[in-house]
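Engineer: My structure is below; once you've seen it, I'll send some questions.
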Amino acid sequence: MKRCCEGVGLPCLFKGVGMASPRPPRYLLVFDFDETIINENSDDSIVRAAPGQVLPEHIRQTFRDGFYNEYMQRVLAYMGDQGVKVGDFKTVYENIPLSPGMPDLFQFLSKNHELFEIILISDANMFGIECKLRAAGFHSLFRKIFSNPSGFDKRGYFTLGPYHSHKCLDCPANMCKRKILTEYLAERAQEEVEFERVFYVGDGANDFCPSVSLTSADVAFPRKGYPMHRMAQEMEKKQPGALQATVVPWESAAEVARYLQELLKKKC
């Protein structure tokens, strides 16, 4: 991933000289949603809107590893049959707690918004993510949200689809976050926006996949003790140096804010 002006031609050499356009952000910050921005798995959380706040055993037994999106389609169809409506889902999403320190991190980013371009890549769904971010007051921080398409059909049923298809053998059938991140960086480079560093904040196994594509200039922030963190530790033991990015585990997102704050101080 090219992050500097080298090799992109003369216009880049004169970027910012005698130009009225604002300087592009220096850093790309990528967030996961479930158990990263919020302190729960939102797919599990919405079961609170189901009758008795539980799913019947015949639904739960249909889960297959790697096909969670398809499983959630069946869960949502069941909930629709039970009369669960848009307002019920919205209330649940809005009340999911943020992860520890996340308000601190978002406030830091709000104050330094000109330096960071922020995107979200999640295997949850667009409706739930946007409900929560708007309720928390941080939706405007994000330039783009990549998640599974969702909405409500004519019956009022909550519907969910896959994000895309891909050939990655390590990711769920409906989403490879590495593919999304790689394509996003390429798209921004075509628009003459290239980043000095990429920061990736996540927790899950599907967040480890894009972390492997990061360079030595970048930083992966895995939530301490979660699958992304464990997989990074395992890779370092088996293949030292294979994960090029700096790995900074966190328990509170305030630790991520402090790391970024220190980085900015060194740049001044």
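Using N, Cα and C of the backbone, Cβ positions are placed for all residues, glycine too.
Just so you know, TrEMBL annotations are computer predictions that nobody has curated.
Remember, predicted model here, so these are calculated numbers, not experimental data.
These came from TrEMBL, pasted as-is:
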ACT_SITE  D32  active site, nucleophile
BINDING   D32, D34, D203  Mg(2+) binding site
ACT_SITE  D34  active site, proton donor
BINDING   D43, D123  substrate binding site
Engineer: Would you list, in sequence order, the recorded positions among D32, D34, D203 whose CA lies within 10 Å of the CA of D43 (substrate binding site)?
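Structural biologist: Within 10 Å of D43 (substrate binding site): D34.
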Engineer: Using the recorded Mg(2+) site (D32, D34, D203) as reference, state which further residues of the same chain have their Cβ within 8 Å of the centre of those residues' Cβ atoms, listed in sequence order.
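Structural biologist: After dropping the recorded site residues, what remains is F33, E35, T36, I37, S122, G202, G204, D207, R223, Y226.
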Engineer: Suppose we draw a 10 Å sphere around the Cβ of D34 (Mg(2+) binding site). How many other Cβ atoms does it contain, all chains included?
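Structural biologist: For D34 (Mg(2+) binding site), the count of other Cβ atoms within 10 Å is 24.
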Engineer: Given the recorded positions D32, D43, D123, D203, which one's Cβ is surrounded by the fewest other Cβ atoms within 10 Å?
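Structural biologist: D43, out of the recorded positions D32, D43, D123, D203, has the fewest neighbouring Cβ atoms within 10 Å.
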Engineer: What's the CA to CA span in angstrom from the residue listed as 'active site, nucleophile' over to D203 (Mg(2+) binding site)?
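Structural biologist: Distance (Cα to Cα, whole Å): 7 Å.
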Engineer: If one measures from the C-alpha of D34 (Mg(2+) binding site) to the C-alpha of D123 (substrate binding site), what distance in angstrom results, rounded to a whole number?
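Structural biologist: Counting only the Cα atoms, the answer is 8 Å.
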Engineer: Using the alpha carbons only, what distance in Å do you get between D123 (substrate binding site) and D203 (Mg(2+) binding site) once rounded?
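Structural biologist: Given the Cα positions, D123 (substrate binding site) is 12 Å from D203 (Mg(2+) binding site).
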